[in-house]
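Here is the structure we will look at, set down as structure tokens.
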Amino acid sequence: SWALWSLLCRQRVFATAMRLLLRCLRLGRRRRCTLVRQAEQLWRYGHLCLRSLLYNSFTNGDVVLDSLFEPVYWLVDHVTRWFGVVFVALVIGLTSSVVAIVYICLLPLILQTYTPAWICWHLAYGHWNLIMIVFHYYMAITTSPGHPPQAKDDLTGVSICRKCIAPKPARTHHCSICNRCVLKMDHHCPWLNNCVGHYNHRYFFSFCLFMTMGCIYCSISGWEMFRDAYAAIEVRRQSQPCGTREGKLVCSLLSLAIPSSVALALGALTLWHAALITRGETSIERHINKKERQRLQKKGKLFRNPYSYGSWDNWKVFLGVDVPRHWLTRVLLPSPHLPHGTGLSWDLPPCVAKQRTPLLSI
């Protein structure tokens, strides 16, 4: 009986061990199936992400590069957002320093050496240019570029903004720095700490233009002061105190170097925007129209900008010139008049001579 009991116990132990082994094998098989299923899902997700970059005919190398550099763009957007106030303070500080040098060093030289007629011209032009710079910079900073209304019922959009998930009117684009859609967006300017859009585009361009003119004026006038200061140092080295000579030379160098460098950089930017205004485009639309023009050219079609009314009429629409006297009251003098239209729809402005065919392609 004892031998029989031992045999039964060994059989039970063996059967229990076999059941445990089979259960472990099933669990291992399930885990392997789960891992394989997860790996397959990851592969399908990666393959779908890769295929999403090639979902239509507009995708090219630029789209792939934009996707790869998205973290860099995010970093630049956030840095620009926080340093906008610093850039505005820098513009105000540099402009104020140049104006102070002109009043302290350059103006006495003009009063001592020029004729009364030239003195009157310098005083009139200098103060007019300064007023135009201050007015347009203040308006460009404080004026909202324009945003689509919050009520979306009556808003007619040509597309949907992927960030705002809202209808987007024509010529409207999303600013990643302001995190809002901007009407007729040109770009986000860190020196204004504001977007350049429908309602402040004219102020931005006028500021660039008059600042360039003022820098050229200060550079030409500062060159005369620099030449006189350098000649005085060489000729009257012993008769004039050293500190006075060095201070005059430093002021002349600042009044020559700062405006000259700003005039070169800002002058190039002003010419670029002047060319865009002549074609009736913004900075963003220039790239869009270029791609559209190339795409239609491959199909044997011609691209036409529907928002361009001709070079002369484009400038009249941009500056808001409806009658001839507006060239004086709205262009040569400070004017807070609003641009044509609301930025939501683009009807024919009243200053345009005749309507042109607004076709994208023919």
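Backbone N, Cα and C define each Cβ position, glycine as well.
Bear in mind that TrEMBL entries carry predicted annotations, made automatically and left uncurated.
Annotated signal peptide per TrEMBL: 1-15, in sequence order.
The transmembrane segment annotation in TrEMBL covers 82-106 (among others).
Tertiary proximity for the transmembrane segment (118-139) is limited to same-chain residues at least six positions away from its ends with a CB under 8 Å from its CB atoms, namely 91, 95, 99, 102, 110-111, 192, 200, 203-204, 206-207, 210-211, 213-214, 217, 221, 334, 336. As annotated by TrEMBL, transmembrane segment applies to 118-139 (among others).
Per TrEMBL, the feature domain 'Palmitoyltransferase DHHC' maps to 159-287.
Positions annotated as transmembrane segment by TrEMBL: 203-226 (among others).
The annotation transmembrane segment is assigned in TrEMBL to 247-272 (among others).
When Cβ-Cβ distances below 8 Å are used as the criterion, the transmembrane segment (203-226) is approached by residues 95, 98, 102, 105-106, 109-110, 122, 125-126, 129-130, 132-133, 136-137, 139-140, 143, 186, 189, 192, 196, 249, 251-253, 255-256, 259-260, 262-263, 266-267, 269-270, 273-274, 277, 318 of the same chain, each at least six residues removed from its ends.
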